[in-house]
Structure formats: structure tokens, C-alpha cells
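Participant: Okay, handing you the structure first.
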Amino acid sequence: MIKIFLVTILIVITVTVDARFPRSLQPKWAYLDSNEFPRSKIGDSPIAGVVGGQDADLAEAPFQISLLKDYLIMKRHMCGGSLISESTVVTAAHCTYGQKASSLSVRYGTNQRTSSSYGDLKVKPIIQHESYEQDQTQTDKTIIILPNPVVPSTNVQMNEIETEDIVDGDKVTIYGWGLTDGNGKDLPDKLQKGSMTIVGNDRCNEKWGSINAIHPGMICALDKTQSGCNGDSGGPLVSANRKLTGIVSWGPSKCPPGEYMSVFTRPKYYLDWITKNIV
């Protein structure tokens, strides 16, 4: 039976403060049997990140951010995201659903998960798409406003939203600090990247349509050996000309996914909403 992931959040207090991945901390991919979707009968499933990827230089993704969650006496990586203006980050709604802005921070200007010479910025308002529902995959996007604008530099740059058509067969790249092994527990310290190929929505819907219909606000990508899952949520999928093409949203329970596509929110489709809320 086909299983897919949807995301829920569960915070569990624990005394673990080392580099091990706290599975209970992050928005967790959970599986739903095909005949249950999109109901909220959720169960745990193994989680993963940019599986099969490689280290990414900061120059490749100076727009990448780490969304951090206050966790006991420290901050822990929860999701990825992209700077789209000096004061605005775009990420996935499932990363911020139910979260208080006061408990979140943004780390930027680094490809090292655990350090940045720029410091971390507390999150100001969270602007979640008004149509988003926790147990569904549509409108999976949130805008985060920073209290102070970042200063653009070699290491800190904004990512422009891709407005050109991205079609079946186009090459794209995913970035993130998610787990690199579906059965692992350790997050990589260095940003990872993975190459994927766009799959047209019609073909993607042939795989997913009976479980969760693919609509124009989604974009699909596939590589049988590389993919993004938990820990990469909210992070960027970029086109060959380095523009923001997708926001990591959901995918199959197996990582890497084999013949099932990873599914991303398509920023171009929601450009009016993003433009209205950008600072």
C-alpha cells in the first residue's frame, strides 16, 4: 500500500543537548495510508533529509536560512527557508503552524548549521497563508518578518522567485540541513545539496492523484537516489538560473523515494500573496 508523508509538530522536553537529531523537536513527517488521506489519523515514520546529497558552498546558497526553535537552554534547527528580501523569509506553513514567533529565530549568512558570524535574528510576525490547514498539503507556505533588515553581502543575498515556466525535464537543486540517512539521527553541520529533475504536474498526478491531487500551486521533482525530507522542510528548490522554484513541502515515506516524486510549494503560483506580504 502506498504511504505518503504529511507533517505535524510535537514538542517533547528531554535532557538531550548534544548533536543527535531530536526526532520529537522538528515538524515530523508522518505517514497516512492511502485510504485515510487527508484525515488526521497520523503515525510515526522514519525521517530523512537531503539523502544522497553533497556539501554545498555558501556561495551557492547565500539566501539559505535555518529556522531555529528554542529548546531548553539552546536553539535547534527545525526547518529551512529562503531570504526573499532584507526583512522577509519564506518557508513552509507546516514549519510554523502552532508556533509562537517568540520561540523562533533565523540563522543566516552561513552554510554551517551550528554557527554564524552574523548572529541570529528573532522572528517578528509570522504570516501564514490564510487557507492553510495542518492536515492538508495545499497553500503550504509562510512568510516570516525579521525585526531588523539583514545587510546584503557576499554571504547574504536574496533569492528571486522564479517567474519563468519550469517544465518536465528541467534540472533543479534542493538545499537543506536535514538528515542525510533515512535511518540516521545526526544532522549534518554543513549545508547539503541534491540534484533533481522536474516532473510535470500531469505525470506527477498519475502517481499521487489517487492519494493527494497535485494542483497548480505545487511542483514535483524526482531523483531516485537524492531527495529532501524532514529537516529540509521549508527550504529552497532552485532552478538552473538560481531562482526560487519550490519550497520543500511533502513526499513519500521512503527516502530516497524511488519512483515517487517529492512535492514542493510553487512560489510563482502564489506570487501575488507573497508580494502583498513582503517587507
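For all residues, glycine too, the Cβ spot is worked out from N, Cα and C.
In case it helps, Swiss-Prot gives these features for our protein:
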ACT_SITE  His94  active site, charge relay system
ACT_SITE  Asp140  active site, charge relay system
ACT_SITE  Ser233  active site, charge relay system
DISULFID  Cys79-Cys95  disulfide bond
DISULFID  Cys204-Cys220  disulfide bond
DISULFID  Cys229-Cys255  disulfide bond
DOMAIN    50-279  domain 'Peptidase S1'
SIGNAL    1-19  signal peptide
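Neighbours and distances for these, please.
Facilitator: In the three-state DSSP scheme, His94 (active site, charge relay system) falls into the helix class. Counting every protein chain shown, the number of other Cβ atoms lying within 10 Å of the Cβ of His94 (active site, charge relay system) is 29.
Classification of Asp140 (active site, charge relay system) by DSSP places it in coil, neither helical nor stranded.
Taken residue by residue with DSSP, Ser233 (active site, charge relay system) is part of neither helix nor strand, so it is coil.
Cys95 (disulfide bond): 29 other CB atoms within 10 A of its CB, across all protein chains.
The DSSP secondary structure for Cys220 (disulfide bond) is strand. Residue density at Cys220 (disulfide bond): 25 other Cβ atoms are found within 10 A of its Cβ, drawing on all protein chains shown.
In the predicted structure, the domain 'Peptidase S1' (50-279) carries a mean pLDDT of 88.
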Participant: Rounded to the nearest Å, what's the C-alpha distance separating His94 (active site, charge relay system) and Cys220 (disulfide bond)? Just drop the number here, would you?
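Facilitator: Cα-Cα, rounded: 18 Å.
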Participant: When you measure from the Cβ of Cys79 (disulfide bond), how many other Cβ atoms are you left with inside 10 Å?
Facilitator: 29
Participant: Measuring Cα to Cα, how many angstrom lie between Cys95 (disulfide bond) and Cys220 (disulfide bond)?
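Facilitator: A Cα-Cα distance of 20 Å.
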Participant: Quick one: of Asp140, Cys204, Cys220, which recorded positions lie within 10 angstroms of Cys79 (disulfide bond), measuring between C-alpha atoms? Sequence order, please.
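Facilitator: None, since no candidate lies within 10 Å.
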Participant: Might you list, by sequence position, any residue in that chain lying six or more from Cys204 (disulfide bond) with a Cβ less than 8 Å away from its Cβ?
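Facilitator: Result: Ile214, Met218, Cys220, Met261, Val263.
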Participant: Please work out the number of neighbouring Cβ atoms within 10 Å of the Cβ of Ser233 (active site, charge relay system), leaving out its own Cβ.
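Facilitator: That number is 31.
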